[in-house]
Each structure stands twice: as C-alpha cells, then as structure tokens.
Amino acid sequence: MLTKRFFNYIYEVFFSFLLVVHWLFKFITSLFYKFFDRIIILSFIVFVCFSSLFSLQVVEKNADPEEVLLSFLRRKVGLTGTKYGCGGGGCGACTVMVSTYDRNQRTVVHYTVIACLQPIVTLHGAAVVTVEGIGSTKTKLHPVQERIAKAHGSQCGFCTPGMVMSMYTLLRNKPQPTMEDIREALGGNLCRCTGYRPIIDGFKTFCESESSGCCQNGRAGGECCLENGAKGSKTNNSKESDELFPMDCFLPLDPSQDLIFPPELMIMEKKVSGDALYFQGERVNLVAPFKLSHLLELKAEHPSAPLIVGNTTIGTDTDFNSLTVGAACSLSTLQKEVEKVVVETEEEKTRGYRALLQTLRCLAGKQIRNMAVGSLFDKQGHPDLFDFLSVCPQTEAENICNVVFLCLSSDGMRSIPLDEKLFADFGKTVLRPEEVLLSIDIPYTKPWEFVAAYRQAQRREFAFSFLNAGMKVAIKEGTDVVESLSIYYGGVGPTLVKPKLTCQQLVSRSWGEDLLSEGCRLLKEDVDVSPSIHGGRAEFRKTLAISFFFKFYMQVVLEMRDHIVNFKLHIIQHCYHHLNIDLTLSMHQSAFQQATGEAKYYDDLPLVQGELFIFMVTSTRAHAKIINIDPSEALKMPGMVTFVSAGDVPGANCRLWFNNPEELFAEEEVVCVGQIIGAVVAESREQARRAAKEVHVTYHDLQPVFFTIEDAIRHESYFEPKRKVERGDVDEALKTAEHILEDEIYMGGQEHFYMETQGVIAVPKGEHEEMDLFVATQHAAFTQELVGMALGVDSNKITCHVKRLGGGFGGKVMKIASLSAITAVAAHKTGRAVRCCLERGDDMLITSGRHPFLGKYKVGYNNDGTIVAADITYYSNGGSTLDESIMDKAVLHMDNGYKIPNLRGRGVVCKTYLPSYTAFRGFGGPQGLMVMESVLHEVAVRCGLPAEKVRDINMYREEQSYTHHKQPFNPTDMVRCWDECLERANYQDRLRAVQLFNSSNRWKKRGISAVPQKFGVGFSKGFCNQGAALVNIYKDGSVLVTHGGTEMGQGINTKAIQVRFMVPTVPLVETCTGNVPNAAPSAASFGTDAVGMAVKDACEKLMRRLQPLMEKNPQNTWKQWVNEAFFQKTSLSATGFFMGPPTDVDWEKGEGQAYYYFTFGACCSEVEIDCLTGDHKNIRTDIVMDVGKSINPALDIGQVEGGFVQGVGLYTIEELQFSPDGVLMTRGPSQYKVPALCDVPAELNVHLLANAENPHAIYLSKGIGEPPVFFGSTIFFAIKAAIAAARTERGLGDAFPLSSPATAEKIRMACQDEFTKMASPPTDGAMAPWCLDV
C-alpha cells in the first residue's frame, strides 16, 4: 500500500510540473492569437486517463469539437478496453467513469458516461477512468473484475468492460450497495450472451449483508456465509453445493485503495480563471462560455448554433412550494434531488414527484441520465417528461400551468408556460433561437390533488415510449367533485396534445363511473391519432390514450380510499442445480483478460503503418438497374484515397455457397436496399464515412418489387429446392379424424445484435500476393477461400487470424466473408492495409438476421387431444439471394417431441427484395418447433384441455422411437426432462394459482406454459461434422494448442483445455487457417464435439510417443520427458482429427440420419400481462436441460440462460420493421430492443438433468448452444394463455390469432374491450402501413 501511494505521489508531483508548463504554453499562444477574432482562438483541454500502471495526463491541443471520448481513447490514447458497440449510447459497452471536482459542493463526484456520446472538449479538468485503470492481470485485479470473471459473468466478453465500469462507479459512490442499486447501475448495459444472471451473481456479493444475506467474507477463515448450507444458500436438500463459483477466495473491497482524484486537476479547477474555451474543428467551431452573459452574447451572434449541455454545474433548489431545476441539471441529479425531497416531505405534497420518479427510472440507462439534461427540447420528438410536467398543479387565480420555463436572451427574461402550446411542430418549440433555458420550476402537489404518469414502450426500461401521458385532477376537499382536470399526451401527434374538450367537460362532475364513461367517450373524439403518425401504431396509441385515462381513474379512486399504489421494481433471483458440481471447475479461459480490457478483438489491434479505412456504399433502392455510379465528389473530399467497385475485383466478383451466387459488388442491378455497390477508402474512419455520402448512384426502378412472404406466394417467387418429409398417410388420416383445424402462425425475424459489429483488417504482406486477414468470423476457412477467389490467388496465400469474437450467433459466417473479400480488394488496389469496421446501423442493414416464417397447417385431432394427422407448410422469407437456407432444419424439427403418426411437412423459401437472411442461433429450429407448438396449443384450446396434457399424451414414449424422417432415438431423457420440469416448477399448483389470480383480477391476467424439446445437434450435411487441432510441445515443457473452432463466448477454448488427455495445462492461440486448414464453421452446437475430439486425438498421439520414456524414467518431470524425447528425435507436434458421424438426408425419400444425436429439455414459464397497456412481466421460468455428462456445468448453464433470454427477445420484444419501400427502419438500439436486465424473469431456475450420458460425444457430454433459444416460446404461449383468460372474461373466444413476437401492441389489441373498439380505425384501407410484416 505504501509503495503504491509513494508511486502515485511521485507522479502527481511530475504532473503538477507538466501542468505549469502547459499553462505557460497557453499564455504564450494566447499572446500570439490575441489579434485574431476570438471564435478561432484555440484552447487545449487537460484531463487525466488512468491505466493499470500509471495515470496519463492528456493535453489535447486544438481539440476537435466533433471528436468523442470513445474514438479518442481507442485511437489516440491506445486504451482499447472501452468498446464500440452501437455508437448511440444504447448498449453500455463504452461505459467509463468520469470524476470532476464540484466547486459548489467542494467535493469530487464520480459518475458513469457513455464514451461514444461524450465530446472530449467537455472533459477539461476531468479524470477519466477506463477499465484498464482499475486493475490488470499484470498487476492486480480489482474485486469487480475478479468477481464477474469468477462468477462466469463474461462469455464473449465484449460487454464486460462496460459492466465492470458501471459496477465500479457504483462502488466508488456506495461501497455497500443494495440489489436495487445494482439493478439501476446496470440498467444501461446490454449483454447478448449471458442472460445477466451470472453478472448479477458476481456483483451481488458486494451487497450489504442485510440485503443479500452475505457476510462479505467476514467470517473466520474467509469462509462466506452463503457456502455450505449457511444463511441464504440454496442447496435443494442436497449435500453438494449449488454454487457455480467458490465464494471463499474473493479479493476484499478496500475503498482506500481506489484511485485518487488527481490533485493537479483539483488545483486547476479551484483556480479557474473564468475564461471561455474556444475550439475549432474541421467542420465545427465550439465555444464553452464560463459566464451566462457571454452565452447570451454568443446566442445573439449565432442564433442557429445548437446549445450542448451535458454537465451538472447548475443544480436544484427547493423552496417551500416547489423544486427549481437548473437547465443544465442532469437527469441523475434531478432524480437524486427528487428522491431526497420525497423522503423529507409529507406524502401528499410529493405525489407529483413520485410520478416523476417513476418516469425518470424508465428513461434511458444510468450513464445517459448522468449525461442528459432531460431532452426537454428534443429534436427527435421524444419529450418523455413533458406530459408529466405539464399537469403539475395550476395556480388558482389565473388557471395557468404553474410549471414554467424561465428563458433568457439578450433582450431580457421571460416565462414560458409548460402546456400544449410549447411545441409548434414535431421537435420544434416556441423557444426563440437566441434564447436559452435557465430553469424550470416544479411545484408541490396540494391536498386533494392527484397526479400520475404513464408510459408504454417496446421494453419496460431503457426505451422510448410509444405513448406517454401525464394526468392531474384536483378534487374539491371533502367531496368527489372535480375542480380541475389536466391531461397531456406525448406520442399521439407531432406535438404535446391536451384533450381540451375532455378536460373542460369533466369539471364539476363527480369522480365516479358516469364520469369515467363520459371521459372515455370524449377522449375518443378529442384524441385524433393520424394513421400516418410517425412510428405507426395509430390504433394502439389511441387505445393506450383511453386506457391510461381508465388507469388514472382507478388509481385516484384507490388513493381517495387511502390505498396508495406504490411503484416497485422486481429484483432478479436465480437458482441453478446440478449434481456433483466441482467448485474448482474452469471459468472462461479469457475471463480475467476480458474483465480488465486486455482481451483483444479485431478492432483492438494496433494500427498498421499506412492503414486506411473502408466504408461501404449501399443501395437505396429495392429493385433497380444501376445507370451510373459517380464517386467524383467523394474523391474530392479530404483524406479520400480511392473508390472501389466491381471493376476493381481482380478475380471473381461473387460469393458462391452450394451453387448459390451472390455478388460482392452489385454491377448492373440491385435487388435490395442495403446491397453493397461500392466502397470508399480514406485515411480515417470519419473521412470515409463522410465521403461515402457523396457517392451518387443513378437508378432506373424495376418491377416487380415486393417484400413479404404473402406477396412472394402471390408472385410464386421461390428458391429451389423445396423440401418435403412425410410419415404415414396424412390425407387418409385427415378424413377419419374427429375434428379438423386449419390455421396459420407468423413469426417475425430477429437481428443478431452481437455486441461487436462485423469487420476485418486486411494487411498485404508485400510479396507473392500474400495477405493476412484479422477477421471476426465463425468460418475462417470459407473467408480464406472467398478472399482468394476475389483476388484471383490460391488460398494458401491468404491467412485468416481469429483471436475471438464479440458474439456471433451464426451471423458471422457468410456476410463477413463478403466484407473480407471487399476489404481485401481495397488492400490489393492500394497496396496498403485496410480496416473495415461496420457501424451498428450499417451492420444491421447489410448483414440481416433470422428468417421470418409463416406456418400454415391443417390438423386432424380427436376429442381427447390426440393428434392423428398434421399437414404443415413452412414459408420463410429468404430475401434476395439464398444465403443460408435454414428450411432443412425447420422441416426436420417439425415433430419436436411428438409422435404424430401421420405427419407431412413442406418447406418453401420465398424470394423477395430484402437483404438476404442468414444463419442465426438455432438455424431454423426455433421456427420449425414454434409452428408445431402452436398446433398443440390450439388443439388444446379447442378441446378445452390444459395445454400440458395435450402435449403429454402426444409425446414420444417408446424406448426405440423414430422421427418423421426415420432417424432412431431414445426419448427417455426427454420425458424425464418434461416430468422433472413440471415437478420442479410445481406446475399444477401454480396453474390453479394462476386461475385464482385471473378470477380475482380483471385488468391483469396471468398465464403459464410448459413445452418439451428435442433438438438435433450437428450438421445434416455430413462433411461439416469434422474437427481438427494442432498440439505442439516445446522443449521447456510448455504446450500450445490451436484448433479450427472459433471462440465467441461459448467457451470452446475453455472446454478444449479441459478435454486434454494427461497433458499439462495448456494455452490456446488464435484460430488460424495457416495452422489448421479447411476447418468447419463453429456452429450447429457442434463446436465442442468436433474440436474436443480433435484435441483429445492429438494429445493421445503425443502421449503414446512419450509413454515409453515415461515408463522408463517414472521419476522424471514432464520437462525432462519432453527434453529426452527431443534428443531422441521424437516428434513433439501432432495433429488431431475427428471424422464426425455420416449424417445425411435423402430428400427424394424424405428420410435419413440428419443429426449426430439429440439434446433434450423442458421449460415452464409464468407471466403477467397488463390488459390495459399490453405490458408484461416475466415472473418465473424453470428449465430442465439434458446436457449429458457436462464437461463444464457453469459454462453449460450460462449457455442455457443466455440462449433462453435471447429467445425471450425473439418471441416477445425484438421486432424488425421495414418501410413499405423495403428500408430497414430499426437500425440501432434506439429502435431495436433486445432483452435488458428488466426483461429477465424475476425467478429463473436452471437444472441440469442428472444421470444423463451421451455415448456419441466427447466425454459423454452434449452440445447446448442452440436448443435453449426455443424455450423463449414458453413466454409467448404463457402470454397467449393470459390473453385468452382476459378474452374469455369478456365473452370473446379463447381462440384468436397472435403472431410472434408478442409485443405490447399485439397483447393490448388482442385483449379486446370497449377501449379498443373506441380506437378502431376507418376501414377504407387507403393509408399505407407504417411498416410491413415481411
């Protein structure tokens, strides 16, 4: 400790000296510039970045106002632990901690920010702490880094640094947080791999003991109280521990060892001169005035210049009647002050503030709230706070809104009332260009005033709302008579909307049912939602507007009866169980490196000398002939080097996959929006991005143009081949069935949203046309092959290197190969290294995702629920080219776990004018299984039977069963999973509890659903089922392993180490085509099987060579045996190979051994829906999974949880939207929502089936990566059951259509009631839809 403090002291003295030098430099330069106009005086900024070894004082001269902290850290400082995930503040991957000295409070404040949004010019005088600054594997880990790693909370690792920094900052402010503190701190961080449970598990060890039951390792001997059956443990009455990581060896959290705020910055802040700062960029000038008078002068001179605010220098002030909020007050500061007022003030005065808190907690993530000032004048049209603030109490005398904006300009001060007149148009306010907002005053509520705020969004938190509302009613004291009523809506029009007639007509009426009926009737006429409203969902929005009023009515009734409804947030609880868990089991091989930011991904690699950057130019038309491509304007841009298109490809301008070609560059015709036409190559990313916009393409539109499956069917636009599998005589069986059901279900697509976007670095070697590629791919051999074809060279001249991926999920197999070829062509043309790193929006546009599906079925069934025949036709939207058709797997999985004696499945891939859909985790399995489960669900509904009973009686039972494609299997473990899942979930008792709840609640309903699963592992194309590895032993005894698999978070490297055969602990190097050639893709849940067997084979070969020496000299060490082998000229290098099973399907006969084996499982989920808003809560999920004899239970459970949560997104909230012109509109986390922490079931229990072994795979284990995704469908079917309960109560049929995903809009509109009828749109059908179900 002393050494470290002394070390810091020396550096602080040194930095203080540097500061004096730099201030002297500033004085000299200011003398030079004093004769120039002040707007071009260039200031430098001073801030401090912390690394693991020392603090780095950054003095940036001529700072560019447009440069954000993320690019500065990664490219100029070289701190690559902070990741680029989305570029829009929506994922949290670039979270860092900023510390500043607050002169007003005379203290140092620590807060998280999003580095991709934080301009560096705003950090003058700040200390920035990145993940590298808090700990390192080279020195010492910080406890946060250690615990997330040991708790298995890092899979692909790309989100881990952001998670670490969010938690680290929380601990800096609150060393013993509560679970709610942790939930709030991580609310702005997304993870696509883990399902969040292990992250929470690791971090909750920091909780104060009264919240978590943990003693913080305070017991004698360092033993944690949660171990060995102590308080808080979950042993399930077993002698074995349920914990997946040891809790008795954590590093203690010692706040005294935290980084101190640099004294030189504190001195600088205390002695601030008050001078403005001036920055001049390439395109933008920025002035940071210190005084308000200077700001007003600047606004008068430059009225159109935007005002950027993102700090907390102006805070809040409380008087006896209101809370005054400074315009520059951040949302976090506002939240903190409001919470303080709520605690210190009597309840009736703070009703409005409580409603405000409810809204604030749902707005963005913690990092954004730390930076944002509320977006009160948001040009994007998301005034999420306005509707609430507008209804705050009115003055009795003037009957105007008491909430006012105090605005200031050089002409003086004026007050602007916060009402519907504030917005002039979409994103435009009545604030004059030269005015600035000074403050806003939020009054207390008065006795007998009742205030509420409502919002509904795609995701419960961290999402813009579809509709939000603020409502306030003043009741005459001692009566139920309305004195005044204010209602404001955001999201029903281009501006804030107040239904004036409704508010006027309901005054002086009693707050009763007559008022409710009249209010709903008036709102129907008063709230006009245009069918062409931005964002669509007009009917849903109007329904919400009326429903919100109903909720407000009920809330006021309850509050008037002194039954105040409090706002509460759920805390996630988890359980996992596996017999004989070894607490010494391996965590992820790179977990510590990922937690410290040391793990390198492709874009973390240092710049190559002379490196260029490439940016794609894509089509803006769905189907058109290319008339001309004109890059002339782009080539004039600063930094531009060249433009690359089809004519520059020296080899083949196409990607060939099983005789299905796809152009690298479109030459004559484009067939989708987002198709790559060309690419600009420039000296920097920003220059390439700007230049790409200046490439002008002239088109001639072609016909036809269509995007949906239904339109493709009408046009008979299909890819070949079509697939068909049949068992029994379907047509004859349908004739004899007691009942016939004909129906269909649509299932939308899904974006991969891997945290790391796709990209590659192509580096020419300079001779023999050789080239190295550092690429994020799941299939390095295919990328190598395609690049060779594009360059017209042999594959042996192309070497692909893959260290790790920041997530893949099947999306980094095909499209990355094309991007690599394009980048290689640019490198070939320029002779320089070229880097490609897709921005999130372009990644989503170009690479596409999971195939949308339409399943049409005709089913014959009997009264007891037995299905005697089913005829199912699957239609998938394949896009414009046949990328990877997942139809085979969908058809082969259509039976799931059910023995339907007469079953026919047909699969058709539709050709449309959308970007080609590609592989995604499950590869068609989730779609194929979903249709069959829909069949079972609908049969149960029509038979009036519980769905689980219908599933049970139709399941495979015979020990020797055969799939519909005649592959033999034993369903015993599947039935065991099913029975155990129902038992562990306490299904029957909970079903009765759900029924009781539904009978007692009209506007909230619950549903519960359980499904079994049989999922095929491996590739149906047998040649893909192979694996290879290379194991080298060096003379010092060290061992190096490389294999053909790709590490993308699934733990393939960790398991490869675990399956070594009597060989010492070994490190793994990157995947490299130069070491292991012709490797199969890492996909189909087959990676560990293939790679594990290959590594085992290589190790066994080496051990056989060393065995004679070991037997001859048993007393020797490993190093001595290896040295002796070398001197005896024994090869210490061996290749391992696994020739997998001969899987194949004869599609002419519709039969074959399609898969290596089957992974089984079962899942049960319970949900609660709000019938008035469509919101749903995932209450509990129980999963029982057969993974054979698990090699690593912690990794397998992580895969189960992560896959399940990804499935939750697929079936409930993830919704891709295409415009009627075929343009993808959901191109980032602001529009496309993946599950966040708030979407995980409040209770998630995962159990691995005991005494299960798989003789076909490595060490009796099973592949587990893909199957859990389908379990997300249990949430869908539980939602559907809850909707059915609501409909039945209203006298409607419990059979109704519901497509996937079951979004809030679909849930609400399916719960038909008087409010949905009021919102019914005109039926003329003239208005084009906002988006398409493609």
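Each position is counted from 1, following the chain as shown.
Note: Cβ is positioned from N, Cα and C throughout, glycine not excepted.
Annotations in TrEMBL come from automatic prediction, not curation.
Given the structure is predicted, the values throughout are model-derived calculations rather than measurements.
Annotated features in TrEMBL:
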type     : residues               : note
TRANSMEM : 6-27                   : transmembrane segment
TRANSMEM : 39-59                  : transmembrane segment
DOMAIN   : 52-134                 : domain '2Fe-2S ferredoxin-type'
BINDING  : C86, C91, C94, C116    : [2Fe-2S] cluster 1 binding site
BINDING  : C156, C159, C191, C193 : [2Fe-2S] cluster 2 binding site
BINDING  : F923                   : substrate binding site
ACT_SITE : E1266                  : active site, proton acceptor
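For C193 ([2Fe-2S] cluster 2 binding site), the same-chain residues lying six or more positions away in sequence with a CB closer than 8 A to its CB are Q155, C156, C159, G807, G1049, G1198, G1202. DSSP assignment over the domain '2Fe-2S ferredoxin-type' (52-134) gives 16 helix, 27 strand, 40 coil. Between the CA atoms of C91 ([2Fe-2S] cluster 1 binding site) and C191 ([2Fe-2S] cluster 2 binding site) there is a gap of 8 Å, rounded to the nearest whole number.
Summary: among the binding-site residues (C91, C94, C116, C191), the fewest other C-beta atoms within 10 A of the C-beta are counted at C116. A mean pLDDT of 89 is what the model gives for the domain '2Fe-2S ferredoxin-type' (52-134). Checking each of the binding-site residues C86, C94, C116, C191, F923 against E1266 (active site, proton acceptor) by C-alpha distance, the shortest gap belongs to F923. Note: the CA-CA distance between C116 ([2Fe-2S] cluster 1 binding site) and F923 (substrate binding site) rounds to 33 Å. Note: the Cα of C94 ([2Fe-2S] cluster 1 binding site) and the Cα of F923 (substrate binding site) are spaced 31 Å from each other. Cβ proximity to the [2Fe-2S] cluster 2 site centre (mean Cβ of C156, C159, C191, C193, cutoff 8 Å) flags the following additional same-chain residues: S154, Q155, G157, F158, T160, R192, T194, M755, G806, G807, G1049, G1202. Of all Cβ atoms in the protein chains displayed, 29 besides its own lie within 10 Å of the Cβ of C156 ([2Fe-2S] cluster 2 binding site). All chains included, 26 other C-beta atoms sit within 10 angstroms of the C-beta of C86 ([2Fe-2S] cluster 1 binding site). On its own chain, the residue listed as 'substrate binding site' has G810, E884, I886, K889, A1083, A1084, E1266 as residues at least 6 apart in sequence with a Cβ closer than 8 Å to its own Cβ.
Here the C-alpha separation of C191 ([2Fe-2S] cluster 2 binding site) and C86 ([2Fe-2S] cluster 1 binding site) works out to 13 Å. Counting Cβ atoms from all protein chains shown, E1266 (active site, proton acceptor) has 26 others lying within 10 Å of its own Cβ.
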